[in-house]
Amino acid sequence: MTRGARLRSDARAQLNQLSLDGGTGSGQKGKCEEFPSSLSSVSPGLEAAALLLAVTMDPLETPIKDGILYQQHVKFGKKCWRKVWALLYAGGPSGVARLESWEVRDGGLGAAGDRSAGPGRRGERRVIRLADCVSVLPADGESCPRDTGAFLLTTTERSHLLAAQHRQAWMGPICQLAFPGTGEASSGSTDAQSPKRGLVPMEENSIYSSWQEVGEFPVVVQRTEAATRCQLKGPALLVLGPDAIQLREAKGTQALYSWPYHFLRKFGSDKGVFSFEAGRRCHSGEGLFAFSTPCAPDLCRAVAGAIARQRERLPELTRPQPCPLPRATSLPSLDTPGELREMPPGPEPPTSRKMHLAEPGPQSLPLLLGPEPNDLASGLYASVCKRASGPPGNEHLYENLCVLEASPTLHGGEPEPHEGPGSRSPTTSPIYHNGQDLSWPGPANDSTLEAQYRRLLELDQVEGTGRPDPQAGFKAKLVTLLSRERRKGPAPCDRP
């Protein structure tokens with residue numbers, strides 16, 4: 001029998017005894033006034049019975065833990081610790097699970113002392129409902145009173161920073177009442193005690209995987225065009241091997257189809273369905289196969305991991321050897337880009353072929369070769385190259401009259417064969433002969449147009465014999481015309 005029931009039974013027994021001994025004490029007002037002597041004899045017993053009834057009807061809750069705590073509060077902008085007497089109550093028919101605190105003052109420390117001291121002496125009462133508790137964690141970084149440990153009790157409304165001499169002795173019961181069903185204290189308190197248990201420190205496994213290397217996944221074949229062609233339907237077992245995916249019967253070990261990983265075009269999972277697209281080289285032929293399974297994401301990750309491992313074993317499939325480009329050194333020796341050589345006039349050997357450089361490219365790429373030019377063009381380019389490499393001469397409009405003349409003599413003193421009016425020389429026939437220096441005298445001599453063409457006429461008379469008279473007459477008229485222009489103004493080449 002509990003204490004409350006026992007007190008109630010004792011109170012009822014005393015009341016019955018009092019009613020039997022003093023029958024006149026019925027409790028009515030009129031009778032009490034008529035028999036005052038009987039009232040005086042019954043009053044002490046009634047007072048004792050009333051006190052027992054008050055105790056039995058309002059029994060005191062017994063806390064599961066009580067003691068001194070320190071609670072942090074802010075006073076005038078400064079954090080202070082207040083010493084309180086804490087009472088931890090469990091939930092029951094008479095109240096909810098809560099943590100009550102009374103400020104400790106002079107006149108009493110315990111709950112009984114505080115009650116007898118009165119409201120002015122026991123201080124303010126604070127209640128924290130454990131049903132509103134969110135977390136209970138140790139607060140090692142907080143400064144707290146000496147020989148105490150701080151812990152943070154967070155509720156839905158605010159956070160309470162408490163400190164106790166034995167922190168875990170308070171955190172454990174609070175967590176058991178605030179988080180029923182967990183069976184243990186919060187993770188923070190467990191972590192706080194883990195170094196004290198002497199556990200061996202462990203390291204994380206970097207290659208840990210939650211799925212098996214060779215997994216078997218029960219699936220249901222979805223209806224697709226490829227599945228209908230292969231006559232696949234109903235439940236089956238999808239087995240992931242090191243090199244291929246096998247489809248087996250649901251209640252047997254016979255393999256129905258096999259799809260090598262390197263023959264799969266695509267694969268993926270979406271909303272509980274794993275699907276892949278097989279290539280033409282698969283035994284089932286090309287097409288889309290779909291399988292419904294609750295572990296479709298795990299199946300997709302397993303296939304991706306198997307493909308990655310197979311790629312590591314066969315690096316030559318993913319790393320093709322680069323084909324080196326042919327270098328310019330592997331070709332026949334050519335002239336330096338941008339430089340042309342002058343070929344002496346005369347027939348070329350039939351075995352030698354002259355290559356023409358179209359456009360120089362980078363040194364690491366093969367040179368681009370153009371078509372073989374004709375003899376006239378090669379002589380023209382050679383003449384231009386020679387004139388560009390020498391000192392610049394006077395350029396003017398009338399130097400092109402040399403085209404009408406025959407080619408001068410060669411370096412060896414032998415005259416070149418004369419050209420016919422409608423024929424070309426079989427050898428190189430440059431516009432300006434390379435063997436004759438057409439540069440005029442230096443600045444000390446006369447460099448006017450009239451003097452230059454007179455010099456040209458003298459050379460024609462000395463070197464050329466048998467010239468047609470029309471050309472000589474034409475040149476004479478031209479010299480006369482130029483002399484007239486000279487009198488009118490400076491020649492175009494003399495203008496700045």
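Here the Cβ of each residue, glycine as well, is placed from N, Cα and C on the backbone.
The DSSP breakdown of the domain 'PH' (63-179), given as helix, strand and coil counts, is 26 helix, 57 strand, 34 coil. Sequence annotations record features per position, and here Swiss-Prot assigns domain 'PH' to 63-179.
Averaged across the domain 'IRS-type PTB' (213-317), pLDDT for the predicted model comes to 86. Among the features that Swiss-Prot reports, domain 'IRS-type PTB' is placed at 213-317.
Summarising the annotation, Swiss-Prot assigns phosphoserine to SER194 (among others) and lists a large-scale study or a structure entry as the type of evidence.
Among the features that Swiss-Prot reports, phosphoserine is placed at SER330 (among others).
If you look up Swiss-Prot, you'll see SER364 (among others) marked as phosphoserine.
The phosphotyrosine annotation in Swiss-Prot covers TYR381.
As annotated by Swiss-Prot, phosphoserine applies to SER425 (among others), with the evidence given as similarity to another entry.
Positions annotated as region 'Disordered' by Swiss-Prot: 18-38 (among others).
Positions annotated as region 'Disordered' by Swiss-Prot: 313-363 (among others).
Marked as region 'Disordered' by Swiss-Prot: 408-447 (among others).
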Legend entry - DSSP-derived helix, strand and coil totals, residue by residue, for the domain 'IRS-type PTB' (213-317): 29 helix, 44 strand, 32 coil
